[in-house]
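Heads up, the thing below is written out as structure tokens.
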There are 2 protein chains.
Amino acid sequence: MARVGLTADRLVRAGADLADEVGFDQVTVSALARRFDVKVASLYSHVRSSQDLKTRIALLALEELADRAADALAGRAGKDALTALANVYRDYAREHPGRYAAAQLRLDPATAAASAGVRHARMTRAILRGYDLAEPDQTHAVRLLGSVFHGYVTLELGGGFSHSAPDTQETWSRTLDALDALLRNWPAP
Amino acid sequence: MARVGLTADRLVRAGADLADEVGFDQVTVSALARRFDVKVASLYSHVRSSQDLKTRIALLALEELADRAADALAGRAGKDALTALANVYRDYAREHPGRYAAAQLRLDPATAAASAGVRHARMTRAILRGYDLAEPDQTHAVRLLGSVFHGYVTLELGGGFSHSAPDTQETWSRTLDALDALLRNWPAP
DNA sequence: GTAGTTGCCTAATGTGTTTAGGCAAATTGG
DNA sequence: CCAATTTGCCTAAACACATTAGGCAACTAC
């Protein structure tokens, strides 16, 4: 019986690729087994369950995304940093829609706390150092940025606003302009 | 054999309730059959497939949401209208998380075009009549509003920013203030 | 009341998840 | 270099959901 050399890592990576190809919720232990030309049961030595597999793919995506973000942010500040971070999310979602969807998987609190999710939160907050915002406005702004990035990327990817006239690249630029303007001129309570 | 009186309508409504209770992607033809104490196959006279059921739930949710939005918007303008519409989305998502998730289901273009989705787009645009925005900025703003509403609601519901200090109600208010300020003072290109 | 329609049923097939237990291949130690 | 052990992939089997085909009973209409 030829051994294929399965490992949790290879499975997760292949699962992520599969997600990008067919969509995250089409990722199934069976499909993954087919991809490795191996019987389904064999995967259960490496991965606890379907849920476990999906969670690991989510964690991988969060890591990759955080790494990209950290790279993009290095040496930038102000609007430059804002644009860089925003583009990391958007580009990642366009290049890796399945992975991006995976990154949205709801994790249980313990797993989330140990994930790269916390790096994301820190980086978003780091961007605001280039603007003049004290707490609690800083937290409000972090949440707003998160909402816009996530909301925009999701809608664009889902075809939410595909048909209308101005192309989405233009809207994206203007959205970043608007956010920058907003952060420089945050309204008093 | 006692007849239960199934109809597509009752199934869809029950499916929506089920979604609110256990989550939209736990909505299954089998679960619905159990809820009516009926054999699974019986549902297939009323609903074409699992996909069909989910699509119908999505359409129901979009309708309900659009109805609420239309009510809330009547007689309001400017920031008042902005706040009203935003609150409709947020409150609906909190009261009916499963339905809200359903409303995000990707529909094929034909179905989407015939759905209440178009009313949502029109209403968002209507809000901007209270602000001084010409095309193409109006479209950019529509997309931004959609992104923020959807992104915020999704993150809040998914526990995206639950732990940190300021409560989310406060952030929500300040987010609406910020959007209002932004629309009144939209940055030139 | 009978004819026809409709509604829910049984039966069967295919796919995905998961566990238990087996045999062969890799690895380790003498 | 071969024996002992670990490890990896397998077969087998149970269970859940989706879906289709075909049957019989219960409403509806005349």
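Including glycine, each Cβ sits where the backbone N, Cα and C put it.
TrEMBL labels come from automatic prediction, so no person has curated them.
As written in TrEMBL, here are the features:
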DNA_BIND  B:28-47  DNA-binding region
DOMAIN    B:5-65  domain 'HTH tetR-type'
Intrachain neighbours beyond the DNA-binding region (B:28-47), with Cβ under 8 angstroms and 6 or more residues off its ends:
4, 6-8, 11-12, 14-15, 18, 22, 53, 56
Mind looking up the mean pLDDT for the DNA-binding region (B:28-47) in the predicted model?
96
